[in-house]
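Heads up: the structure comes next, in structure tokens.
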Amino acid sequence: MTYEQARAAYADWGVDTEAALRTLATIPISMHCWQGDDVKGFEAATGTSGGGIQATGNHPGRARTPDELRADLEFAYAMIPGRHRLNLHACYLDSDERPDRDAIEFRHFAPWVEWAQGQGVKLDFNPTFFAHEKADDNLTLAHPDKGIRDFWIEHGRRCREIADAMGAAQSGECVNNIWVPDGSKDNPVDRIGARRRLEASLDAMLDGPRDNVLDAVECKLFGIGVEAMTVGSHEFYMGYAIRKGTALCLDMGHFHPTENVADKVSAVALSVQDILLHVSRPMRWDSDHVILLDDSIRAMAQELVFGDLLGRVRIGLDFFDATISRTAAWVIGTRNMQKALLEALLMPRDRLVAAEEALDFTTRLMLTEELKSLPAAAVWAEFCAREERPVGAELVQSLSGYQSTVAARG
Ligand SMILES: C[C@H](O)[C@H](O)[C@@H](O)C(=O)CO
Ligand SMILES: [Mn+2]
């Protein structure tokens, strides 16, 4: 089907495909650096990764240096329509120096900032509270040892400083997302003590304004090794974000599998101004499979569009799979998020809402089901053509071709 035919088919339902394409082109997605190297980073790290962060697989082609990671990112962005962001973790510093986490500075990230400016890519940032010997107890900001807490508070403070400088350099907000692995394998007896320590540490870390930073806090239900309690649970961070005015990060892999994370967005949006998404796909014990164009992602995109929340929700991705081409994973996942957004933008919202308000649930169901057969793929292909990005066999060939150029990496 041609784009013109698709445009006419949507027009019959009262949908303007041109308006949908214009909106889609303005939605940035923050691609996570850690898909490119299995969350290893570029420090001489000594600790284990707690809280369930575990990339499995040994597909050839892992980026081993910042230059390799940047080359992979450049390729990935060239396969993805639109202008996007890069979400950088503190352990991805690019420097000949080897500062510990409590000694990192903006200059250790200067090559990233320079590269991002050259690429027209804006940066987001994350302190790294894992893969370090001082995190091996699966406790950081909530650790009973004040010395360890202070070490991580200092790390967090410095990360805000770095994110602020990144924001200033790019003349726009840098999201600084905080996730800590803190928790307990077996039933703790002093849950509130741990939560008081986490809160006090966060307060110390986030003290003082940072004009170019949007701080976000990310909860998790459980991780491997912290099955009995995660200190930073949903209720903990929801309360914290409301009381302290931070953004709330909802990671789609961090809830019970029967929960609908899309449903949470509108509920949270009434109490929290800014929301960060980590779009992900949980599967059994893992929270980080590459996202598919599946119902959970479609539901999330619909919530953002129907709830008119695109201006308040930053879309980030969080998955890592080392069993497949890492660059292909980025491209597939990011494009899937965009496809879901496009499908949502192509829905006749007013008509659906009218049916719902009239309690005409039959019409609502007929509409949503019939709409699934409309030619969204032709509209997506048009978007890619306008943005000079490949689709179909050409995309597959490009992804495979790039993978073969990196496969020899040791
Ligand atoms: C690497 C990230 O910080 C991490 O994935 C975090 O966002 C998370 O989701 C932990 O499960
Ligand atoms: Mn996450």
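Each Cβ is built from the backbone N, Cα and C atoms, and glycine gets one as well.
Predicted automatically and left uncurated, TrEMBL annotations should be read as such.
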According to TrEMBL, Asp286, Asp288 bind Mn(2+); which of His234, His254 is also listed for that site?
His254
Residues that sit under 8 angstroms from Asp288 (Mn(2+) binding site) by C-beta distance, when 6+ apart in the chain:
Ile53, Ala55, Gly253, Ser280, Arg281, Pro282, Asp318, Phe319, Phe320, Asp321
Given the binding-site residues His254, Asp286, which one has the fewest other C-beta atoms within 10 angstroms of its C-beta?
Asp286
